[in-house]
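The following features are taken from Swiss-Prot:
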type: BINDING; residues: HIS567, HIS571, CYS669, HIS673; note: Zn(2+) binding site
Amino acid sequence: MKQLTSAQIRQMWLDFWKSKGHAVEPSANLVPVNDPTLLWINSGVATLKKYFDGSVIPENPRITNSQKAIRTNDIENVGKTARHHTMFEMLGNFSVGDYFRDEAIEWGYELLTSPEWFDLPKDKLYMTYYPDDKDSYNRWIACGVEPSHLIPIEDNFWEIGAGPSGPDTEIFFDRGEEFDPDNIGIRLLEEDIENDRYIEIWNIVLSQFNADPAVPRSEYKELPNKNIDTGAGLERLAAVMQGAKTNFETDLFMPIIREIEKMSGKAYDPDGETLSFKVIADHIRSLAFAIGDGALPGNEGRGYVLRRLLRRAVMHGRRLGISDAFLYKLVPTVGQIMESYYPEVLEKKDFIEKIVKREEETFARTIDAGSSMLDELLANLKKSGKDTLEGKDIFKLYDTYGFPVELTEELAEDEGFKIDHEGFKAAMKEQQDRARASVVKGGSMGMQNETLANITEPSEFLYEAETAESRLSVIVADDARHDSVNSGQALLVFEQTPFYAEMGGQVADHGTISDAAGTTVARVVDVQRAPNGQALHTVEVEGELVVGANYKLEIDHSRRHRVMKNHTATHLLHAALHNIVGNHAVQAGSLNEQEFLRFDFTHFEAVTPEELRAIEEQVNEEIWKATPVTTIETDIDTAKSMGAMALFGEKYGKRVRVVSIGDYSVELCGGTHVANTAEIGMFKIVKEEGIGSGTRRILAVTSREAYLAYREEEDALKSIAATLKAPQLKEVPNKVASLQEQLHALQKENATLKEKAAAAAAGDVFKDVKEANGVRYIASQVEVSDAGALRTFADQWKQADYSDVLVLAAHIREKVNVLVASKSENVHAGNLIKVLAPIVSGRGGGKPNMAMAGGSDANSIQDLLSAVAEQF
């Protein structure tokens, strides 16, 4: 067996399948594009669904890839098992209606066992198969596999409801008796017992049936196009070929673990306690790649996943004695390990480090908040006489604050309390069930649309034309092809067309189709790409359309030109964002309509008003320079050498179009653009907002719409000027400033009157002094307009020796506000208010001499005041 690095394994995999006529599909971004069923790209086939469901026909039906993926369903298992990861690489080979079982099995066995390739010992390989799948069994036998190494397993059948399905055959590597301490042997495989001896390294799915839940599997009908979908985990193959005890002892993780050793001063012992090392090494890989792909930590969706991963890693760092921010220092190591195939981590290292470090520092403050919450929970338990911290509260600490259960247990036991472990497990399971239920399972092969997929007639888009005479080659209506149509809605393909099919954020052209007599026979309401790339015109039929006849196609010129202005402005906006906000602000989505443009981009905070103004000014400067917009067609390598930006989520062929706006912007783009920036006229940002964790959106308008937006603002300003009786618009700021000064003076006068009223009221409050166990205290409900007045009471109380402790409560606008002040060394105001606040259904905290709380139960204010004496 060869000793190969992970990079060598990956490259050998791709080289082997290339030798079998496969095209290499680059690893896609971890953030799915146009797939709401997935939170993350979670498998090698996830990015290829468009090929298997027939919506896109691949140039080559044989595909191979090495795809980075993220799965976080069972995050708690990371580090506890030898092979569980949140981020992993899936090696795959796929056939879309091309080769099937025989080639998949024969070639797979060749790759694994041939001395030219992986050279794994044949006697160490075992295969499982579906019992009724005799063809796979016979094919393995034909390859030379011993019958004793072929294990029938009833679960070896892939199906998710109705649709494509089929048997699968899995390949396992036997690591020997060393990993079978109970000497169970082959029963580990036969009975599907969790073990570390037989390691699954590859799964081959044979999609050949159309599943129908209403009939038994034996009656499933065969698919017209059979497919192959396989997956082999790079981490597992590396562990096997490097002789590593676990995946974590491979060259994919050990450099990270060595850095953690240096930071912690502790040694990684494979035979000892290694959990924290493994969790940190795993999680920083996910963080580095996901942030590099545009996801950012947040409170929902992908952002929540990343925040949780980071917080778990930080807490495990604390277990190793690392108290300062440290995860960000591991990013370069992750980048260096993966650089040969994934250079983007090192390319974006500074940005990734910045995000991780900032999140670590924020979490350090959050830990303090978690400690405060735990203190409050324990204080309430003590007051109620209970001795057990409830599972739901432990889970809230764990889930919201990232507090490990062990830390909660340790601190609670120090205070004499027990832990409700079962309640915590129940809350955890409930959350996991919710998470799993929210994932829409998407298989590799969707329903096949044969009618559209079988359209092979060519169609050419005429970039420069707005009208064209062209032959009608295809009519589709009611999901079937027709020779003619004279009413209703239909899908049309022409040999040539001036109509732009929606793509790359640019909306489709609209327009008309006329016959030889000049009569309009159809109106084009949409244009999309057919599976084989043709422009598929959706039309409302108004006359007769016949396949083979010639028609005049004419786009809506005004609509096209307005869309082009917005599309070119989008390129200018993208470049301005790079210049002003940073290179990390890359496109995450766009829409170029005729009335507006919408641009989504990755950024970790709101764009400031100053930045928005600078962006707007820079874009307009480029417009007013009247720069020519040039478009060339070239190969992808030449385009990249020109510095052209390739946009995330876009699929590029061998030939690409490069759109250049002077030396200001160079992008790969298949859309239509103005010939000169001066045609755009004017650019105005109308809105900037967040649309999700780490993603911002800018709405903008150009040309006439920009002018109208400025007019609307001017009209509003004129209305304000009239109200303020300002004769000129430029005098409005001075008028507003004058009103603000008057308002400030009145507020100051009002505050003075409040202070005098408070002083008068305080005289009565401070007379009501009580004593309990040697502590003099004042506990009173007061009538005030805001919480600030309570602090005014406290300030006056401090000026004289009225009492040792002051407790004030007020009912202000449907809420209860409580203040505790203390001059006594024996009474901690912060601790006292934590005990009192729950009485009014509130919470709070503070320092030894001053604390405040808020609550909602005004009916219990007197109960709170009565409880003060019991605390001394």
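Quick reminder: no glycine exception, Cβ is built from N, Cα and C everywhere.
The local packing around HIS673 (Zn(2+) binding site), expressed as other Cβ atoms within 10 Å of its Cβ over all shown chains, amounts to 24. The Zn(2+) site is defined by HIS567, HIS571, CYS669, HIS673, and by the 8 Å test on Cβ atoms against their centroid, the other residues of the chain that qualify are GLN506, MET564, THR568, THR570, VAL629, VAL659, GLU667, GLY671, THR672. DSSP classifies CYS669 (Zn(2+) binding site) as coil under the three-state reduction. Here HIS567 (Zn(2+) binding site) comes close to GLY505, GLN506, ASN592, LEU597, GLY671, THR672, HIS673: these same-chain residues lie at least six apart in sequence, with C-beta atoms under 8 angstroms from its C-beta. Cβ neighbour count for HIS571 (Zn(2+) binding site) (all protein chains, 10 Å cutoff from its Cβ): 26. The number of other CB atoms found within 10 A of the CB of CYS669 (Zn(2+) binding site), across every protein chain shown, is 25.
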